[in-house]
Amino acid sequence: MAQDSPSDKTMVTKCRRSRTSFTEDQLKILVQAFSQNPYPGYTAKQRLAVEINTEESRIQIWFQNRRARHGFLERPKKNLDSSKDHTSPKEKIQDGRDRRCRTSYSSSQLQTLKNAFTENPYPGIDSREQLAEEIGVPESRVQIWFQNRRSRLRIQRKRGLEEASDQRQNQGQDL
DNA sequence: CACCTAACGTAATCATTCT
DNA sequence: AGAATGATTACGTTAGGTG
């Protein structure tokens, strides 16, 4: 019920990615990794992806789903060791959670994405893959781009309405 | 059909880049 | 410092496969 738009009129692109079924061996490795760390960083996810021969985005989804269903019992949050020894400057500053490097889009890539977005803000897997191929970026990045774009458009709209009602209150002074 | 779970959506937030 | 925007998370929903 949270998502309503794609079922309204532009329903033509209904393709989801075909459901991947992990083999027992793959699952074993995933479960094992999860028990060791339910919040793998990017490099860890990448390594797992190679190890079980799947895409990193599948690993990410799997961990998301797993955390949601099995409520592990961990509070990693801001893992900061209490050793504030600034006298050890040659330590690896890798404490910060390792994330995927922020991808930066060229203006032509952005133009393509924006065009596609106005055409259909909810592209199915086929469209996303086609777009990804076209601009030379992984499909998972295209998916994230569309998610962020939709979110920010919604926020913008909401704010627009709020400002409109604000203006109504400030009106009626001059005029 | 019921159950499990991959795929995918939103909302909030973290983090990086740029002005 | 703050605006833009990519990445990650929690949580909820949708849909495919199986007993």
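Cβ coordinates come from backbone N, Cα and C, glycine included.
No curator has checked TrEMBL annotations; they are predicted automatically.
Keep in mind it's a predicted model, so treat the numbers as computed, not measured.
Features reported for this protein in TrEMBL:
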DNA_BIND  A:15-74  DNA-binding region
DNA_BIND  A:98-157  DNA-binding region
COMPBIAS  A:73-98  compositional bias 'Basic and acidic residues'
DOMAIN    A:13-73  domain 'Homeobox'
DOMAIN    A:96-156  domain 'Homeobox'
REGION    A:73-106  region 'Disordered'
What counts of helix, strand and coil residues does DSSP assign across the domain 'Homeobox' (A:13-73)?
37 helix, 0 strand, 24 coil
Looking only at the domain 'Homeobox' (A:13-73), what is the model's average confidence as pLDDT?
94
For the domain 'Homeobox' (A:96-156), the number of residues DSSP places in helix, strand and coil:
42 helix, 0 strand, 19 coil
